Amino acid sequence: MGSSSSSYAPKTVYLDVDGKVQKVVFSRHCSPCDIKELLCSSSNVPRNTAIMMVDPEGALVSIDPTMPTNSPKRFINPHYIPLKQVQFSWVFTSFPLSRAFRINELKTEVTNRLAMLEKRVELEGLKVVEIGKCKNDLKKLRDEMTSRGGSRVNCPCKYNFDDGKKVTPRRDVPKYPKYTLSQDTIESLKKPTFDVWHWEHNEMLSCLEYMYHDLGLVKEFSMNPITLKRWLLAIQENYRSNPFHNFRHCFCVSQMMYGMIHLCNLQEKMTQTDMGILMTAAVCHDLDHPGYNNTYQINARTELAVRYNDISPLENHHCAVAFQILSLPECNIFANVDPEAYKQIRQAIITLILATDMARHGEILDSFKQKVDNFDFTNEEHVTCLKMVLIKCCDISNEVRPTEVAEPWVDCLLEEYFMQSDREKSEGLPVAPFMDRDKVTKPTAQIGFIKFVLIPMFETVMKLFPQIEEIMVQPLRDSRDHYEELKQIDDAMTEVEPILSIWVSVLMCNPDIISIKGHSINTIFTLCFWE
């Protein structure tokens, strides 16, 4: 190996960086790989830099093909000239793309911009809330002025569907306190005996939130927990303060649904999506109920009756309000659900809420009776019919509960009925006998409803779920017997009233007969009653 061989001559590399040519002389012992490794690992050469090699005449040549193909500093020319045979220079040209790989800087910039946007949204949200409050105040004043005018007032509808905004957005962070439920409360939530009268609104919200977590619905639908809180608050705010159809009734129906899911082991027989549909329909089923039923809406030709062509006006309105709330991004608990799946969920919820119209009771129950003997949980039509019957059971299930829990609901319902009948009388509209305060009593109101509506429906469900007989059907039978006893007492009192009136008249006309054989007047009345 002679000394004149080109492989032992010093190697010179010319670096052209930003227009300045720098000459670098390498020892004759350096191999082409050493030069390549030095240049490719140089900290002065930024990543994603194009490296080109030229010969002394400026012609473009190639890097040694032994350079790894995944190297970030690589330029291949189809005309390969071995590195050993040329004196060359490297020309570094920085691509603009190098800036696109500054991930951390971009993340910081995006985060800052998002923070600014969130602050703006929060401020705008507070403005919208204040505007909404002003609108509500104005509406109350307008309604009050109209009622004082003496003219007939349409059944008030909380939402005007022509103004573009139906529901007040909630962009603030939910503030109801988080309650830690005791183990006793958690267990009693699963039973029809749960006493719904011992809970404040905030506590009921916490219980509903727990139900969604316990059933796995938050995980199943990828719900944001804060969004769930906002949604529940919006639900509560959009139930009116009616004697019966209020947020406590919403909670009562939802808790009964939760109890039936556990009692009937529905999670083992139906899908998680079905559980979400059942619970959400129960929570939303009476949203913005005005306190006057469909009969009044149709007879009074209210805005709701006109809008929905006299077809289940209230139930259609409940659905509309429910999905107006869900249309708000901050309240959309189904935001992370696939659009096609959401479409099916929406349709299923609408179907269940519309099923709560008692005008359809016979139709729905007859359909279920035809399926129950050969019920197939893999048949979609069968499952849909079952879900309709379940929400109906929960909606009118108060008499399943203990007497001390159920009876106050009867008082609340009669109060709402009497409000409607008084209004119907004042407006010259037909009055239903079971709503007329001059004709109905608590026993007469309940006996027929329990005997001909509740017991037949629950006994039909019992064919599919025998375990409900002791916990749900038997209490209905006991309740029927209780009200029949009360009716017998009322009837007896009605027969005795004329006799008592005569005794009062006699005593009033003969004040000297203030006692008989030492008995007081109360004792005399008692003796007369039992005789």
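Each Cβ is built from the backbone N, Cα and C atoms, and glycine gets one as well.
Just so you know, TrEMBL annotations are computer predictions that nobody has curated.
What TrEMBL records for this protein:
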| type | residues | note |
| --- | --- | --- |
| ACT_SITE | H245 | active site, proton donor |
| BINDING | H245, N246, F247, R248, H249, D286, D395, Q446 | AMP binding site |
| BINDING | H249, H285, D286, D395 | Zn(2+) 1 binding site |
| BINDING | D286 | Zn(2+) 2 binding site |
| DOMAIN | 169-490 | domain 'PDEase' |
In the chain carrying R248 (AMP binding site), residues 6 or more apart in sequence that have Cβ under 8 angstroms from it: V196, W197, M204
Neighbours of H249, H285, D286, D395 excl. site residues, C-beta within 8 Å of centre, Zn(2+) 1: H245, C250, V253, A282, H289, T356
Candidates N246, F247, D395, Q446 (binding-site residues) with Cα within 10 Å of H285 (Zn(2+) 1 binding site): D395
Q446 (AMP binding site): tally of other CB atoms within 10 A of its CB: 25
N246 (AMP binding site): tally of other CB atoms within 10 A of its CB: 20
Same chain, 6+ residues apart, C-beta under 8 Å of the C-beta of F247 (AMP binding site), given in sequence order: H201, M204, I235, Q236, Y239
Which listed residue (D286, D395) has most other Cβ within 10 Å, given these are binding-site residues: D286
Spatially closest candidate among D286, D395, Q446, the listed binding-site residues, to H245 (active site, proton donor) (Cα to Cα): D286
Which same-chain residues, if any, lie at least 6 apart from H249 (AMP binding site) yet have Cβ under 8 Å of it: Y239, D286
